[in-house]
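Feature annotations, reproduced from TrEMBL:
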| type | residues | note |
| --- | --- | --- |
| BINDING | His53, His101, Asp186, His190 | Mn(2+) binding site |
| DOMAIN | 28-109 | domain 'Manganese/iron superoxide dismutase N-terminal' |
| DOMAIN | 116-219 | domain 'Manganese/iron superoxide dismutase C-terminal' |
Amino acid sequence: MLCRAGEIRRCAVSLSQSICKIAASRQKHTLPDLTYDYGALEPHINAEIMQLHHSKHHATYVNNLNVTEEKYKEALAKGDVTAQVALQPALKFNGGGHINHTIFWTNLSPNGGGEPQGELMEAIKRDFGSFQKMKEKMAAVTVAVQGSGWGWLGYEKESGRLRIAACANQDPLQGTTGLIPLLGIDVWEHAYYLQYKNVRPDYVKAIWNVINWENVHERLQIAKK
């Protein structure tokens, strides 16, 4: 039996109010602390880059995401679908920037580098032939990103296999491709230009020296659950 128009409107208002209550009870997004000093990744990534990248760029994504979510909450309360649609790009950009960088900081470590161990290494060998071949493929895909974006090692839950992908701008890997992010390399110029200028391949080559393979392994374990 079809609902009458008035009932549909009441349902829509009720749903909007419920969403707004959830949004209102949510704490604002915050900039995550790093577990290492800004200079800890030198000489591979210098302190000035890390300080600007974390405290300025990532902080901007967090602040803009909070502002955009507040505007979205207001649009929901008013039932303003046009405003909701107009805010989608800002949600994607700033939300993606926050998601991507939160992963990125944990993917790096002053005690990183070397090779992964255990199940992660076995998965890499199975899906790419060898660790070196995986590095070469991911480096090539990452360096080839046009303009700004990210190179990713992700987990495809349906097949149980590792995949390499690139995302433009701050598009989040899972929301864009369905892959669960394990390892991301940021190739926005703010991630490397002060040290590597426009030589992106040198930056991508250097970053392997600070990759936190334990963190990548932990992410794989969680993704497989």
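Using the three backbone atoms N, Cα and C, a Cβ is placed for every residue, glycine included.
Among the listed binding-site residues, namely His53, His101, His190, the Cβ with the most fellow Cβ atoms inside 10 Å is that of His101. Note on Asp186 (Mn(2+) binding site): other Cβ atoms within 10 Å of its Cβ, all shown chains, come to 25.
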